[in-house]
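Chemist: If you look up TrEMBL, you'll see 17-37, 57-77, 84-101, 107-128, 149-168, 180-204, 236-259, 279-299, 311-327, 333-354, 361-381, 393-412 marked as transmembrane segment.
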Amino acid sequence: GPAAAAPAEVQLSRRRWAVLLLFSSYSLCNAFQWIQYGSINNVFVRFYGVSAFAIDWLSMSYMLAYIPLLFPVAWLLDKRGLRLIALAGSALNAVGAWVKLGSMKPHLFPVTVLGQVICALAQVFILGMPSRIASVWFGSHEVSTACSIAVFGNQLGIALGFVVPPVLIPNVEDVEKLAYHISIMFFMTAGVASALFILVILVFKEKPPNPPSRARASIQSRPIAEYSYMQSILRLLCNANFLLLMVTYGLNVGCFYALSTLLNRMVIHHYPGEEVNAGRIGLTIVLSGMVGALIAGIWLDKTKTYKQTTLVVYIMSLVGMIIYTFTLSLGHLWVVFVTAGMLGHSMCMVPAWFKEKNCLLFPSVICMCFIRIFGIAFTIGQGQIMDHFETQAGNLFLCSFLFLGTVMTAFIKADLRRQQANLENEQT
């Protein structure tokens, strides 16, 4: 009889770290552009002569753009692979940054909206990448860590988006001087985004020469005809555990998006003239969360306790949000920094959820759609409550949904299919 086909050789590529670092860098740049308006909301309100709600929509445009483009981009990633998606995401990110340079006059607010929308389109090509890069380029013992590092870039970009704009753009009365400082930030962003796009062209490859794990080798050995994108989506939507995961993930990260978008308004309301410290509070939230993210990635790689870790971190998110809610108005900024750090540390849930999403079933970006829906709803809802009542009422609004998410998380059953695939391949 014919000889049996030799199994694909499993070997790790040195290029994997360069690919991961490059992706993390342009994800950072895109995340920076998401929050750069919201972190100095009051300054842009005065410069463009628009409402605070209009500036909030510059951040919410990221959430809105994702919803209709989720499935087309996921289909492209599935059919055309990593390199095309990486090129599209980094290119749109650079184009959007350059368009914003044309909005340096108060009457040119529509131009800055256009630039932000282009950047929002870019993030659709970015957010579905971490799990795919981790599975295509990294071994089974590195997947959680790689996923955490990939998300780390996005979180660092948000951190810089909080702290850099208040430093570069002082709250001055002179409109011409204000335009000059805004242009400096936009020029720096456009330069970095363009350099990263060039590096993606030169460095980013579709996949390594050899599969990095037995599970990946098994996937690559299957006939393409076995895959059906729409059937995969339908199977996901018929899985109760995935539906619970989808909603609870959306609730938690949607609350984080609302908190990030409205942070400047909350802090300035209680501490007028503290734009720089408002940015530093945002930085504290994200940096403490990034530390937690790295710890969570390493912990999950070693223990594989995805369900238990996620539930604990969800409870920490709820407790942190409650403490932050009742200490924000005490009149002591140092207290806000401490409680914000406690809240931020629980945001290590973000990469933990990225990993659990992959291990419960298989890589999917459907959860990100729910994040956007909840993010828009929570931002609008909390903003309206803050306008008509107080910031505390707006934060309690978020606390109620975090409590709901905690209860729902307890009912999710771990279904570690990728882990089982690796185990079966090792045994055979």
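Every residue number used here counts from 1 along the chain in the order it is shown.
Cβ atoms are placed via backbone N, Cα and C, with glycine included.
Where the annotation comes from TrEMBL, it is an automatic prediction and has not been curated.
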Chemist: Answer with yes or no whether the transmembrane segment (57-77) touches the transmembrane segment (149-168) by the criterion of at least three Cβ pairs under 8 A, sequence separation 6 or more.
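Modeler: No; fewer than 3 Cβ pairs under 8 Å.
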Chemist: Would you confirm whether the transmembrane segment (236-259) and the transmembrane segment (393-412) meet the contact rule of 3 or more C-beta pairs below 8 angstroms, pairs 6 or more apart in sequence?
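Modeler: Judged by the Cβ rule, the two regions touch, with the required three close pairs present.
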Chemist: Against the transmembrane segment (57-77), which of these stretches has the most C-beta pairs under 8 Å: 17-37, 107-128, 180-204, 393-412?
Modeler: 107-128
Chemist: Looking only at the recorded stretches 84-101, 107-128, 180-204, 393-412, which one has the largest tally of CB-CB distances under 8 Å to the transmembrane segment (17-37)?
Modeler: 180-204
